[in-house]
Amino acid sequence: MEESQYKQEHNKKVAQDEGQEDKDTIFETIEAIEAKLMELKTNPESTFNYGIFPEVYMNQGEEILYPAWSLKEENLFQTFKSLRLFQKLCPRGSGNLVKKSWYPCVPEEGGHIINIQDLFGPNIGTQKEPQLVIIEGAAGIGKSTLARQVKRAWMEGELYRDHFQHVFFFSCRELAQCKKLSLAELITQGQDVPTAPINQILSHPEKLLFILDGIDEPAWVLADQNPELCLYWSQTQPVHTLLGSLLGKSILPEASFLLTTRTTALQKFIPSLPQSCQVEVLGFSDFEQEIYIYKYFAKQIFGIKALMMVESNPVLLTLCEVPWVCWLVCNCLKKQMEQGGDVSLTSQTTTAICLKYISLTIPVHHMRTQLRALCSLAAEGIWKRRTLFSESDLCKQGLDEDAVAIFLKTGVLQKQASSLSYSFAHLCLQEFFASMSCILEDSEERHGDMEMDRIVETLVERYGRQNLFEAPTVRFLFGLLSKEGLKEMEKLFSCSLPGKTKLKLLWHILGKSQPHQPPCLGLLHCLYENQDMKLLTHVMHDLQGTIVPDTDDITHTVLQTNVKHLVVRTDMELMVVTFCIQFCSHMRSLQLNMEGQQGYALTAPRMVLYRWTPITNASWKILFYNLKFNSNLEGLDLSGNPLSYSAVQYLCDAMIYPGCQLKTLWLVECGLTPTYCSLLASVLSACSSLRELDLQLNDLCDDGVRMLCEGLRNRACNLRILRLDLYSLSAQVITELRTLEENNLKLHISSIWMPQMMVPTENMDEEDILTSFKQQRQQSGANPMEILGTEEDFWGPIGPVATEVVYRERNLYRVQLPMAGSYHCPSTRLHFVVTRAVTIEIEFCAWSQFLDKTPLQQSHMVVGPLFDIKAEQGAVTAVYLPHFVSLKDTKASTFDFKVAHFQEHGMVLETPDRVKPGYTVLKNPSFSPMGVVLRIIPAARHFIPITSITLIYYRVNQEEVTLHLYLVPNDCTIQKAIDDEEMKFQFVRINKPPPVDNLFIGSRYIVSGSENLEITPKELELCYRSSKEFQLFSEIYVGNMGSEIKLQIKNKKHMKLIWEALLKPGDLRPALPRIAQALKDAPSLLHFMDQHREQLVARVTSVDPLLDKLHGLVLNEESYEAVRAENTNQDKMRKLFNLSRSWSRACKDLFYQALKETHPHLVMDLLEKSGGVSLGS
């Protein structure tokens, strides 16, 4: 069975398998939508002020997605403000830096996501406000709607009101109908209602904004030919000359412009185009897409049904990222619901959706001739760059009045209110009909190759060779010439369209593309629309040769390489690329790097995808959906990308699918927690192809690794290499791992954690240093068990660096970083990048000490711990400050994050250089009490998703167990304050995994558990309280804990389970005796090994068994042999103690455990003599 057919049949099963999960997600989404709509009624300015949530209007006077449609034909009228906007970094004289081709070297960073209110904001580099903003984007992505929204928002006082006094909107397709205009007439035409005399308007040109929508649509060249003729605002000029003079700054040079266009190659249309700010529209945000689908339908039940259907189909969900396609999908579903039959949509391409739309909308059986005429009209307009047609144009093509009336009623055509002209509902729709015309014109055999040549030459003349595959008309042609496309067209037009003949047309188009052109996203889009296996295999095979650089990019040299680099900014691009590489037999590995990080090098021939925009659950869903069918792919590297629980679920589902043959999986630094390990363990048991799994730099803890061990014990597991952070595991778990290795000689468990020394140079920023450090660490071949540390240590180029306690009561600590490099502390989540050896002091502070003196709480929300850091000036080139906002789920912009500095003269808010999941990055920082805050509106405080932790403490009193359960934001200063408070009353913490889902401040949760538990109170509120304040908790009385108990936390509103833990009697270790106050004030506490050094040297009689237990854990081969070489037991112990000077506390804990196993009576005797206090494990 062909793979494309196989995938189509599989779609139904996907919908069933994911149905229940999607239902849960849908109802959560609906509640969020309804809550947002309620908020908008009370605070309509919220979106523009802060850009966190989309806005939906449902009033009759508002415009729909494509405002020229008759309002009477629709029951929903929306505008949307949460289109994703990507500002490109394009220096003067450069081309488009965000490449759309494969290259043999790493692409430069292309830009960042911005909000609509930032369009005319200061440039990050120059801090100058742009006068020209170019809005570009794919067909149907929402450029025109965005332009109209800017005008409307300005009129309503929500946007740029202080920036501009007058805003003029022009549709270039309509403007091109005017032959001549004066500047005064142009301004009058751009206003809904005249607001002031022309001389008053022109008196402040710096306060004028001209919006030109669709600047590339008309066939004109806007050259500034005769600037001296445009000095008089009352003198008429050809429209293209007038616009060219405006854009060329010959007249009104201080005025600002906003242009929308499909292409960035505007120099051929506007030769005198000045330096601009380029912003690309990437389509719907996830939340906006859900709102649009849900609110499209008048009845809520239909909206829910449509949303569930789209969410259950990863391909359809991705296609709906484009607003125009989303409208087509909703329209098709609405027609099916109205007709009362089965409601289903299995279309995999935009072309297939368009064909479905026509079959449901137009009564084709009675209108085949008229439909052909409509296609001819569309084609003529495309070739001549016309989108408006007169009645005579329609008659010339043979369209009668009845047919025009039907096309108007169905919404395919629309009549312009301001004139007697007609247009297609959307330019994309006109291009689709034009593509059908090409095929119909070529359907008569008498034309043969000559007709094909004529069609292809027309396409090349219209779009150019270099941009041929970017044109929607060409992409639709590829889709229509597919097997399914031709079959549907034959039904529509009741004619025969021989497949072999049509295939020739495709090869004609491919042959006319620019020779030696690099493989580009446009070509991949065309191949995706066609989905023919033979064509895909042939073309993708040809693309594996030499990659030639863009002629405008002198930094990319011609290289033969086995690595292909490509930037993907949207889920649509991600879907297209991952679909096409299935047919690249030589492409064995795939690597996805977020925000340009280098990742961890896989050696097989691979493709590296770069993503400068946030990766959402929808992104992971389509990526792993395509992964199911890629039998060629053997390696997948997702290192450095934070993965949600849902994302790991999608990954694991893909890996156990029969078509997936993945052998190597790298998930280094992906934010994995113990909860994820049950999913990974199931993969180890079910995925027989997996040979290598790297899970380093994740907080898996003992519980997570134990789950992995269950999967490793399964006979179906064929894993050969497992990499883990062994330094953070207990001796018992490490022993369990060693036992697994002994029982399975093919399995190797390690932790590559010893990089070579790396000294940063002046040319490396903090990202380069961090990347280099990671790569060196990964490439090292050192024994992983030679170095162990704790979560309180700072991990750097040479391993762990101990943190010293300076003043315990003040929570003041000191760390002496020994050399240049990047250092990370797992417990505080602080990162430092330093250029030389430096001593850093860190004090935990309470926000309440500083916030009460400022109005910050009204406009900002605390989203991270507050530290007072002191370091030598210039030694620290970057600091990573932790925050607990979930970037993958929040609607907040990264520009809303600020670092609050509390200095002697007051508070300063600094914009971080970068915002990453869990961190904000400051380059060349100055230090003072500092922490991360988020700019919000008060009503949005409860809509910010955060990461949280659960803390469980227990105390055993006369065999009765009492538990304290906390639910707090992931803030180390709060955790430390709770630890200290609980320790006063001899409560001991039990480590359990945190909640998987993101939670919301102010939400309430119900605590429950096994029978016979007394819980007070049963309700907990998740709130942020300063570390100096009392934290909320539930007290749980267990009684005599003879068996395991289960604890659960559920959302009070939905009763959805958000966390559960199983407590076993073995989790309760005897509490340590209270330590004297004098000891508490000491800088550090003596370990059992150091307390009893003299006794241990004298009384350990069997040293070799002790050494055997330490071999591979604490002692490497050289150290092991050096100790054994000593003559007497006393000398061996002295040698061992000499080596222990460099050991961390974790290493000493392992020594203590080994000593208890080999000399239990000696350990008990020493404990009794010291009063029973042991500071070993």
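Numbering starts at 1 and runs along the chain as displayed.
In case you wondered, yes, glycine gets a Cβ from its N, Cα and C as well.
Feature annotations, courtesy of Swiss-Prot:
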BINDING   Gly137, Ala138, Ala139, Gly140, Ile141, Gly142, Lys143, Ser144  ATP binding site
REPEAT    632-652  repeat 'LRR 1'
REPEAT    689-709  repeat 'LRR 2'
DOMAIN    794-1077  domain 'FIIND'
REGION    794-927  region 'ZU5'
Please spell out the DSSP helix, strand and coil residue counts for the repeat 'LRR 2' (689-709). 9 helix, 3 strand, 9 coil
If you average pLDDT over the repeat 'LRR 2' (689-709), what do you get? 91
Can you break down the region 'ZU5' (794-927) into helix, strand and coil residue counts using DSSP? 14 helix, 74 strand, 46 coil
Close in space, distant in sequence - Gly137 (ATP binding site), Cβ under 8 Å, 6 or more apart: Lys143, Arg262, Glu280, Val281, Leu282, Gly283
When a 10 Å sphere is centred on the Cβ of Ile141 (ATP binding site), how many other Cβ atoms does it contain? 27
Within 8 Å of the Cβ centre of Gly137, Ala138, Ala139, Gly140, Ile141, Gly142, Lys143, Ser144, which other residues of the chain have their Cβ, at the recorded ATP site? Arg262, Val281, Gly283, Val322, Pro323, Trp324
Tell me the residue counts in helix, strand and coil for the repeat 'LRR 1' (632-652), as DSSP assigns them. 8 helix, 3 strand, 10 coil
According to DSSP, folded down to helix, strand and coil, what is Ser144 (ATP binding site)? helix
Just to confirm: which same-chain residues, 6+ apart in sequence, have a Cβ under 8 Å from the Cβ of Gly140 (ATP binding site)? Val322, Pro323, Trp324, Val325, His426, Leu427, Cys428
Could you tell me which three-state DSSP class Gly137 (ATP binding site) falls into? strand
Across Ala138, Gly142, listed as binding-site residues, the smallest other-CB tally within 10 A is for Ala138
